[in-house]
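Pulled from TrEMBL, these are the features on record:
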ACT_SITE  C183  active site, acyl-thioester intermediate
DOMAIN    72-199  domain 'LRAT'
SIGNAL    1-34  signal peptide
TRANSMEM  219-252  transmembrane segment
Amino acid sequence: MNKTTPQTAPLSPSSPLDMFPLPLLSLLFISASGLEPSAEKKKEKENEEELECHGGERRKSKYDMIFTRGDLLEVPRTLFIHFGIYLGGGRVAHFIPDIMPVISSDQYRIRQMVSNTRLLLGVLAKCGSVRVDSVEDFAYGADIRVNPMDKVLSHAVLKGEEVARRAEKLQGEVPYSLLWYNCEHFVMYCRYGTVMSFQTFQFCKTMRKLLLSRRVAKAAAVLAVSLVLYLQAVSLCSALLAVILPFLIWMAS
């Protein structure tokens, strides 16, 4: 696979707002979410965030003895692996699907940990954001590992400070695509300067084996002929369709 180094992070050409009924998603999310947080809790959270960068210096964290600024972290999820960039001070930048910025302007609610409901609705609506969370919120209860991709890729690894700065610079709302621009694409750009996803590659490879096989081509041919005969719709167009579709699958297998 050829790898190229992009100059800027790619963005989806279309807006997620035009691709899914967001009012429906808003109703689904509101029905699944709890009550509004109290003003006292909001104030406590804001005070904690102010203390994190007091005097312009990063707050020390126990994780600074485990991870280095710019490290590529990964956490296993049910069906996939989630990636992020360690920024230091117990903070991680990661790209995650999230419906909340679309349906609410409350910055306190947006900054809260992304729940599974928010994540799933964000995937469906194709909207997400590059955000900075604590290590605990990023892990979401899973074990954190430093990704060993440095030993596999032929690309040169950028310096840790440059990696972290790239991740910090890309913060904000970004259109999300489960296959073509996800969390792995984001961290690959930050750390290696190339946009790719091994998870997407493996998924497409698996789907190719399942759908573009000789067995599927034979089954498609039998099904097409049977359907034409059953409907008694024998014509030039139907005959061509019954032949071309299985032929294309056969040649691609």
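Please read every residue number as a count from 1 along the shown chain.
Placement of Cβ uses the backbone N, Cα and C atoms for every residue, glycine included.
Within its own chain, the transmembrane segment (219-252) is flanked in space by residues 211-213, which lie at least six positions past its ends and keep a Cβ under 8 Å from the stretch.
With DSSP classes pooled into helix, strand and coil, the tally for the domain 'LRAT' (72-199) is 49 helix, 36 strand, 43 coil. The residue listed as 'active site, acyl-thioester intermediate' has a Cβ environment of 22 other Cβ atoms inside 10 Å. Note on the domain 'LRAT' (72-199): its mean pLDDT in the predicted model is 91.
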